[in-house]
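Below is one structure, written out as structure tokens; comments come after it.
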């Protein structure tokens, strides 16, 4: 039986770091207001020349170096993004070109917004377990600053840009222990970008629309349930979880999930204060930070989980 394990991680953040005080000069808000409600202190914003594929490619280069692999060792590329470079082709094919991968490997995007990395990781795991791939590049990358209304204080303070990547490699021992994905389109009005593409142009609002209280209530309920389900279905107990690596949307949501699981906050990887909500990039970003700063160690059990507009949500139990 062939399994998949994480053989390398990498991340990239744009150089432009924006503080809450910086935002308070543009909209009616304050550091205290943002921090109390979200836990966010800073976010990184891509400059005009940086595209989602640029962020993705740089995080991928770092993940490849961490895995001691060359670009042409990759035989599958999946990019999770809701902010692609263009309507088509996929951002994954653009990343493939930027990395100089010329072996013709499959490359495609998945779009499940903030849950996108969970969907991409689960898909790559299936490819490897089936023998269709040996080294998969799985990337979450976003430039949400491009779809934020910078005059709307309820949303512009939440989001940031960035990318995180993992190399998932074939292994004789399980690394991806168990995963589960869910979606429910009945709640699409709670969180969306309502503009539609017509003749290559956005018709209607191109900006994020969000019912904050509605999102919070649904997220806490569903993340708690899917975390329970994945742990139980894997035959594990919460006591065996070394680290919770959650989607970094809002510290209050993270606190609620950890409390439900009975995990103390010193077993939770937190980056929301420094990155804001980077959508599909947030989980691989947090994972890479936790590994590089020495918190996460080989052999430990990690629970990754996230939820995004749709709603779409998922959780994956990983032995790192």
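Keep in mind that glycine also has a Cβ here, set from the backbone N, Cα and C atoms.
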Feature region 'ACP-binding' in TrEMBL, mapped to one of the ranges 238-242, 243-247, 248-252, 253-257
248-252
For residue 114 (active site), list the number of other Cβ atoms lying within 10 Å of its Cβ atom.
31
Average model confidence [pLDDT] within the region 'ACP-binding' (248-252):
96
Protein Cβ atoms within 10 Å of residue 277 (active site), excluding its own
23
Provide the number of Cβ atoms within 10 Å of the Cβ of residue 247 (active site), excluding the reference atom itself.
33
If you run through the domain 'Beta-ketoacyl-[acyl-carrier-protein] synthase III N-terminal' (108-185) with DSSP, how many residues end up as helix, strand and coil?
26 helix, 32 strand, 20 coil
Helix, strand and coil residues within the domain 'Beta-ketoacyl-[acyl-carrier-protein] synthase III C-terminal' (232-320) as assigned by DSSP:
37 helix, 22 strand, 30 coil
